[in-house]
Amino acid sequence: MSHQPLSCLTEKGDSPSESTGNGPPHLAHPNLDTFTPEELLQQMKELLTENHQLKEAMKLNNQAMKGRFEELSAWTEKQKEERQFFETQSKEAKERLMALSHENEKLKEELGKLKGKSERSSEDPTGDSRLPRAEAEQEKDQLRTQVTRLQAEKADLLGIVSELQLKLNSSGSSEDSFVEIRMAEGEAEGSVKEIKHSPGPTRTVSIGTSRSAEGAKNYLEHEELTVSQLLLCLREGNQKVERLEIALKEAKERVSDFEKKASNRSEIETQTEGSTEKENEEEKGPETVGSEVEALNLQVTSLFKELQEAHTKLSEAELMKKRLQEKCQALERKNSATPSELNEKQELVYTNKKLELQVESMLSEIKMEQAKTEDEKSKLAMLQLTHNKLLQEHNHALKTIEELTRKESEKVDRAVLKELSEKLELAEKALASKQLQMDEMKQTIAKQEEDLETMTVLRAQMEVYCSDFHAERAAREKIHEEKEQLALQLAVLLKENDAFEDGGRQSLMEMQSRHGARTSDPDQQAYLVQRGTEDRDWQQQRNIPIHSCPKCGEVLPDIDTLQIHVMDCII
């Protein structure tokens, strides 16, 4: 895992299955038969320990970066609070300026009053002292000059306050500007290199910054060094693999060169042997041939030694290559078996890079805010100095005004005293007249209270009378309803009686017609006729209703007229 380059990982976290992480793609994987299982177990344990160490280092780095980010957020909150404090101070300065302007206006009014009084005193013939007037005029001139100075300083302060407001508004928009930068892993590594090797403002520490900012920067540099050390370890592993591959290629090239040289030497030896035979046959100098053969033998032995060294280097390189390939295979198996760990590692790397970029942006923003706060502090110091000067001048002006008022109070005219005495007399007279009016009003109020008490009693009596009248009216209505019911019953009974009488008469007439001889007595007929007339008079008397007033006894024809009469009569 430590020797595998970061560029071999894809964006989704999967490792390519066709090509290995190290070495050229055309070379075949070594056989696992060359290694014992103990060596394989040791290598697997080493890889697991390295992987675990890398995980712990990444977790610690993430935790440290998170803590640093929280510290930076707290520091930004402190900066915001300081900015709010500066804003409140600027508001207080504005309020003080407004108060000073109001006081200046009051001073102007007092100056106008003093001018009017001085003119009055100059018009009066009683003024016999000229020196105090000259002193008063000099003091007035001094006050005028002080007022002009105060107005000029007020204008300057207003300009400074407006500039501060503009700067605060412009800086407030860039407080929460935070940009997330997403980029490929290769570009992220390049940005990390630039951050490490750049001599820019990220590493420099200004002299005027506070201790907290310096400690934060040192902590950040330490975290950047830890990340850079991890990246350097990974790169060194990759460079070692590349160096071994290059050494393998060079050794192979040397072997091929040595083989070519050996073949050439063998051909040369055969040629030299043929030439020696010819020379022996021709009997040419045997000593020169022996020396050449010895030299060739020495060259061949040196070449064989070089070949053996190259073979040993090749075997060592092949062993290293086999080990690395086995590690790569184990890592590929592990990656294929646990893709979630790869995703976690990629996420950790991505979060680390993202946090580094965020820290850089936060540092740049912090430096900008520090510069702004320093400018604001300097301007606030200037404002405080000007404010103190204004307060001193204002106090001096107040003292001069108090002295002038004391002098004028000592020079009070008699006319003013007379006017005040006349005003007092008029006020006493007005008070006496108002006191009389108050007494009269109190008497009228007492009478009205007595009238109100009598009115309450009368209202209570009226309510009682009204309740009695309504009760009597309801009783009379009930009696009238009962009378009407009785009249209806009477009418029904009279109709029944008339019907019975008619039936009786008819029966009598029938009986008379049947028994005419028996009923020839005239006295009995007269009695019957008289009885019928009496019954009719009684019925007429019963049908006439009596409507009379209970108070005056007046008889009325209807119940409605009786109700109206009763209301008028009782009230």
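Glycine is treated like the rest: Cβ placed from N, Cα and C.
Some features that Swiss-Prot has for this protein:
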type: REGION; residues: 1-32; note: region 'Disordered'
type: REGION; residues: 58-209; note: region 'Interaction with Rab8'
type: REGION; residues: 100-144; note: region 'Disordered'
type: COMPBIAS; residues: 100-123; note: compositional bias 'Basic and acidic residues'
type: COMPBIAS; residues: 130-143; note: compositional bias 'Basic and acidic residues'
type: MOTIF; residues: 176-181; note: motif 'LIR'
type: MOD_RES; residues: Ser177; note: phosphoserine
type: REGION; residues: 186-210; note: region 'Disordered'
type: COMPBIAS; residues: 186-197; note: compositional bias 'Basic and acidic residues'
type: MOD_RES; residues: Ser198; note: phosphoserine
type: COMPBIAS; residues: 201-210; note: compositional bias 'Polar residues'
type: REGION; residues: 255-291; note: region 'Disordered'
type: COMPBIAS; residues: 255-268; note: compositional bias 'Basic and acidic residues'
type: COMPBIAS; residues: 275-286; note: compositional bias 'Basic and acidic residues'
type: MOD_RES; residues: Ser336; note: phosphoserine
type: REGION; residues: 405-571; note: region 'Interaction with HD'
type: REGION; residues: 406-514; note: region 'Interaction with MYO6'
type: MOTIF; residues: 468-473; note: motif 'UBAN'
type: MOD_RES; residues: Ser520; note: phosphoserine
type: BINDING; residues: Cys549, Cys552, His565, Cys569; note: Zn(2+) binding site
Per-state residue totals over the motif 'UBAN' (468-473) - DSSP helix, strand, coil:
6 helix, 0 strand, 0 coil
Let me make sure I understand the structure: which of the binding-site residues listed (Cys549, Cys552, Cys569) has the fewest other Cβ atoms within 10 A of its Cβ?
Cys552
Note on Zn(2+): the CB centroid of Cys549, Cys552, His565, Cys569 has further same-chain residues inside 8 Å, namely Pro550, Lys551, Gly553, Glu554, Leu562, Val566, Asp568
If you draw a 10 Å sphere on the Cβ of His565 (Zn(2+) binding site), how many other Cβ atoms land inside?
17
Looking only at the motif 'LIR' (176-181), what is the mean pLDDT?
37
Taking DSSP three-state, what's Cys549 (Zn(2+) binding site) in: helix, strand or coil?
coil
